[in-house]
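As given in TrEMBL:
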- Asn36, Leu38, Gly63, Glu85, Asp111, Asn141: S-adenosyl-L-methionine binding site (BINDING)
- 43-234: domain 'Ribosomal RNA adenine methylase transferase N-terminal' (DOMAIN)
Amino acid sequence: MAAPGKVAAFRLPPLPTVGDIIKLFRLKAQKQLSQNFLLDLRLTDKIVRQAGELKNAHVCEVGPGPGGITRSILSAGVEQLLLIEKDARFIPGLQMLSEAAPGKVRIVHGDILTYKMEKVFPKHLKKNWEDEPPNIHIIGNLPFSVSTPLIIKWLENVSKKDGPFIYGRTQMTLTFQKEVAERLTANPGGKQRSRLSIMSQHLCTVENCFVIPGQAFVPKPEVDVAVVHFTPLVQPKIQQPFELVEKVVKSVFQFRRKYCFRGIGTLFPESGRLKRTEELMMTANVDPTLRPFQLSMSQFRNLCDTYRKMCDEDPSLFVYNYREELKQKKLRPLLKSTSQLEQTEEENEL
């Protein structure tokens, strides 16, 4: 019996193991969905602990699959758990868990990349952005195929304070391929420093918590997996619109091994490219001979701020697309030769 005045800790009743659930419902990981199951509950407990104190919290788990992490989340004493699962084969096993925790679990059969999260949690949980994070968490063992597009989508939500971040600075605890996790947390000068490093670190505190060896998963992936924790910052390190920051950062890393001057040049049309690139780098006080991975966050901030001023003076700059110009350039000779061929045919007919 619980001590007077104390709420008894929630415990799941005896259930089939995750392995038994997989056998019972004949579940098989689908390679095209890059699915890998984590069966060791000690590891799922460890992942959930990285999220922090979950007692009475509201949690959204992404891609629960056979429900290993789901059990650990429920055992942490959450108030409500929302499960978003794209693969219908897992729903019966998750319903079994839902029945074992009456009133605590809601299952949604849907795709997290398109699922709207603005109204999934109670309004009273909402906090001001400057306050402590709300008692809301996103947790997930993400399939490798969706992890990068999904974190970019959520970082854009952080920037705009919408989606799951309409409630405040919602924290996320997610799994990634070890190499992607290293990119997310890489420091200037590190060989893994990339677009992901800047986009995540300018908006969040990003922590690489621990690595799970590939052999812990079924089937075993060819790479190890890392658990990464994100807490949105009160103030982004680059105070410009998400689309502008993404465009500048993408351009800089377009030619990763060359001097940053080369990538920054792709922000401008061919006519006047050299002059404008020099103007941007000089005003932003960035050494043009640095490689993209050597640039600090403050240098990226200066580049974005200066590029914003240039776009304000010439709005056509922001809509300029380097790849589109390149494509048109390659098409020109083809169109010219086609036109000449048509002209010759007409002359022959005459």
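Just so it is clear, glycine is given a Cβ too, placed from its N, Cα and C backbone atoms.
Cβ contacts within 10 Å of Gly63 (S-adenosyl-L-methionine binding site), excluding its own Cβ and spanning all protein chains shown: 22. The binding-site residues listed here are Glu85, Asp111; among them, Glu85 has the most other Cβ atoms within 10 Å of its own Cβ. Taking the binding-site residues Asn36, Asn141 in turn, the residue surrounded by the fewest other Cβ atoms inside 10 Å of its Cβ turns out to be Asn36.
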